[in-house]
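This is the feature table in Swiss-Prot:
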| type | residues | note |
| --- | --- | --- |
| COMPBIAS | 87-106 | compositional bias 'Polar residues' |
| COMPBIAS | 393-405 | compositional bias 'Polar residues' |
| COMPBIAS | 445-458 | compositional bias 'Pro residues' |
| COMPBIAS | 459-476 | compositional bias 'Low complexity' |
| COMPBIAS | 506-520 | compositional bias 'Polar residues' |
| COMPBIAS | 523-536 | compositional bias 'Pro residues' |
| COMPBIAS | 570-589 | compositional bias 'Polar residues' |
| COMPBIAS | 610-625 | compositional bias 'Low complexity' |
| COMPBIAS | 805-831 | compositional bias 'Polar residues' |
| DOMAIN | 1016-1078 | domain 'SH3' |
| MOD_RES | R552 | asymmetric dimethylarginine |
| REGION | 82-122 | region 'Disordered' |
| REGION | 374-415 | region 'Disordered' |
| REGION | 442-721 | region 'Disordered' |
| REGION | 734-878 | region 'Disordered' |
| REPEAT | 917-949 | repeat 'ANK 1' |
| REPEAT | 950-982 | repeat 'ANK 2' |
Amino acid sequence: MMPMILTVFLSNNEQILTEVPITPETTCRDVVEFCKEPGEGGCHLAEVWRGSERPIPYDHMMYEHLQKWGPRREEVKFFLRHEDSPTESSEQGARQTQEQRTQRSVVNVPGEKRTENGVGNPRVELTLSELQDMAARQQQQIENQQQMLVAKEQRLHFLKQQERRQQQSVSENEKLQKLKERVEAQENKLKKIRAMRGQVDYSKIMNGNLSAEIERFSAMFQEKKQEVQTAILRVDQLSQQLEDLKKGKLNGFQSYNGRLTGPAAVELKRLYQELQIRNQLNQEQNSKLQQQKELLNKRNMEVAMMDKRISELRERLYGKKIQLNRVNGTSSPQSPLSTSGRVAAVGPYIQVPSTGGFPLPGDPVKPQSLTIASSAAHGRSKSANDGNWPPLKQNSASVKSTQMTGDWKDSGMEGTLKQGAISSQPLPLSALGATEKLGIEIGKGPPPIPGVGKPLPPSYGTYPSSGPLGPGSTSSLERRKEGSLPRPGAGPPSRQKPAPLPPASNAPQPGSSQQIQQRISVPPSPTYPPAGPPAFPTGDGKPELPLTVAIRPFLADKGSRPQSPRKGPQTVNSSSIYSMYLQQATPPKNYQPPAHGTLNKSVKAVYGKPVLPSGSASPSPLPFLHGSLGTGTAQPQPPSDSAEKEPEQEGPSVPGEGSTVESLPRPLSPTKLTPIVHSPLRYQSDADLEALRRKLANAPRPLKKRSSITEPEGPGGPNIQKLLYQRFNTLAGGMEGTPFYQPSPSQDFVGTLADMDNGNTNANGNLDEPFPPRPTAPLPEELAPSSDANDNELPSPEPEELICPQTTHQTAEPTEDNNNNVAPVPSTEQIPSPVAEAPSEEDQVPPAPLSPVIHPPAASASKRTNLKKPNSERTGHGLRVRFNPLALLLDASLEGEFDLVQRIIYEVEDPSKPNDEGITPLHNAVCAGHHHIVKFLLDFGVNVNAADSDGWTPLHCAASCNSVHLCKQLVESGAAIFASTISDIETAADKCEEMEEGYIQCSQFLYGVQEKLGVMNKGTVYALWDYEAQNSDELSFHEGDAITILRRKDENETEWWWARLGDREGYVPKNLLGLYPRIKPRQRTLA
């Protein structure tokens, strides 16, 4: 119980006070003793309340007294009065008075004195003894009081110490209490902080996951954005082409079946639908185009008239030279033409290349034999020579010698088309139309609608004779010429040995002129004349002819067709553009290789040029291919010139030569060769092959990526048989334009198709027909689509048909891809050699380097006709080349040709089959980063865990590219996350490239999957392979089984996890497990 503190004022002024601790035992006397001075007596304690004062008796208990006041205690003040209390002093006075009275009688006090109490009785007198006694008593009292004072002081000191102790204990208790409260508060705060920290950590983890997801999505969005942009560009281009077709500017370019495919993602489906609708509309325009073709035929007649006038002018200017040309052209094909190489043999003519190059006459001479027909046939070349035409570049002047044989069917038309179209600028619509009309009128085939594959003439076989074509055809040739005229770059055809021409009068024979035109088209690309005077100087209004090029009969069967000058670069579906080398078919045993590589120019590669409408053949990108056109020596053309002029060079092919090679669209990138029109040139000599090899030696090769199957090159240069990078444009959606002009169809329609295929196989124009035409087994008609996308194009057969060689002739139209290109036979550099045809002995023998003029092999000393005999074994399809679908799939997946992948995959027996290095199409698509192809292959059910020779799976490839998106796609398709390589035993997560962009995300994802496998999804994983238990503590399982992981590792095993399958438990190897089950191969149908 806490003692109460009583404040006592020692004086009236209330300035001097003391505090007295009050306990229940404290009396008023104790308070007075505590407060009065030592030795002081007669003091009492008085309480004052509201001005009234009352003395407190000594025996009064102060504690109880204070409690009685209760709340009013603060109003009461206690004073120490230094006098006795009135009650006690009255009692003492009474006693003293009695004593004084008694003393008065005894002692007489001299003066008035007061007693100590102040009750003096002056009359009392004390004796000495009394005084002494009093003094003694007082002394004793003083001593007693002093003793009491000392005792009180001691007690007071003790009480103060006790009070201090109590206060200290109280303060300490209070402090302890406060500390306890503070500790509790801090503990509560700590708990809250810990809870908040847990929330913060969780939010950090969530934020990290979200940021990773956001990064992945942003990467996906960027990819999709790029895909959409590319799709938009493609759609714009296609829509522009469609608009041009509607306006009539582009003849014969239109995708067939409305299928324009490309590396499109799901977002592009809508765009594809729109394109399909437009293609359908284009098909509906076929009838209109046919009418337009009739008009074009009329215009061709006008062109023929113009050609006549031009020929008359030329006769005046070069009368003697023209006569010589006529004589040479008709007399012997071998004699070099002193005059311009314009002379084309109308009849099938097999030309034996002369050893020497023919010098070009100073002025290009236009052979009279060509007359209007030849001029029409060379519409472009002739015009180039004409004063009206802008001078050709010398290089471009060279004309590809073409077969004079009756195979003009394609070559003539195609040549003219190519000449016109190949020009760097697309031919004017009228020009295209003219050629197209010619093709229609001559070929009798229904005019193809631009954009719609045009049916080839019923028989595209060799054009048997130079028999005059209908005047319409001549005019169409002239029209082509007119079309070509606009192209300033067109060079006069290089001098060719005149093929034996049927006597040609100045008056053009419509048929012959067309044939000549077809055969003699001036390749726009300059070719260096092998030997002899330079090509016509551009300085002349008329470009001089390039050095004479021996005109070899172009074998229609497989020989590549020279591109008609009219043809501009063909447009190929962007998706179908992939680099391909031209593979030459083996020449027939009988075949006499033409001495001159003039035809070689027919195949051209086009690089970097924008894809032109199918109506125009794309210039060949490879300059080196063009050189052969001259005197058979391969001489590189400048790519630019070649691109523009190659068509013309090809164009000059002799009408007899039935196959012209269209220039292919140039490849997407200089490092990738665009598909070369595959024209296995028939009857190709070893010398021609050697020249081609030399040209290809410096040619850009497709980049060797992991998937490419490349044949080793021998010392002689690339193995042309194996380089045959078959144009698969048709399958890939690429367009090969058919020649505008088709000579009247002959019985051998298949042969013409083959020629077209061969000649036009160079859809990309990679080879300028560097290879002399080699005899090749005719490709199946389907395989050999008419190369020209123009009148001669046929609707494309189904992809299966395209790929499979057919033994029976089909008047069947060669397959055309959506762009009206006939589907070329798919081939890739990966294919060692055409499956269907074994290389002939000549091909197998390393060809000797070509001299400027190649002498025909002795064996082929006798002239051979290019015309195919109806019953010839070569006529059958059995020997046609068929390309390995797997090689095509491997290359298409590497190059990003989504359309080709979609089409060819059904031809592949096992899309997961690897090449000799263990590379599968999925490896290629992953390494090249083609997400849409990867997704397609995975959805198709290819083996996502196929490993190459070093154990690299597609997941390793994706990780090495730091592609999180592909890694996620592969993991979700059943990729084995713990699969390791053989050489360095590293998983995909170890293959992430630390110095490359995207390393952190890719590494985090793969390591995260490794850590979460067997933990997330309640420990459920999926077996990716079948496994039979080898020990009693192991589990057997089958692919696709859902296994629950109970323990990822223990003291005994780290690579084996303890798992449960059904009611069994045991060890399972972790590298056979995946986070997702593998996608099952889907049913193989073409649906």
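Every residue, even glycine, has its Cβ placed from backbone N, Cα and C.
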Do any residues, 6 or more residues outside the repeat 'ANK 1' (917-949), come within under 8 Å Cβ-to-Cβ of it, and if so which ones?
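For the repeat 'ANK 1' (917-949), the sequence-distant neighbours (Cβ-Cβ under 8 Å, at least 6 residues beyond its ends) are 223, 227, 263-265, 705-709, 889-896, 898, 901-902, 905, 911, 955, 957-958, 961, 963, 965-966, 969-970, 973-976, 979, 1024-1025, 1078-1082.
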Within the repeat 'ANK 2' (950-982), how many residues are helix, strand or coil going by DSSP?
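Secondary-structure breakdown of the repeat 'ANK 2' (950-982): 16 helix, 1 strand, 16 coil.
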Averaged across the repeat 'ANK 2' (950-982), what pLDDT does the model get? Just tell me the whole number, please.
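Mean model confidence (pLDDT) across the repeat 'ANK 2' (950-982) is 94.
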On the DSSP side of things, how many residues of the repeat 'ANK 1' (917-949) fall into helix, strand and coil, could you say?
18 helix, 0 strand, 15 coil
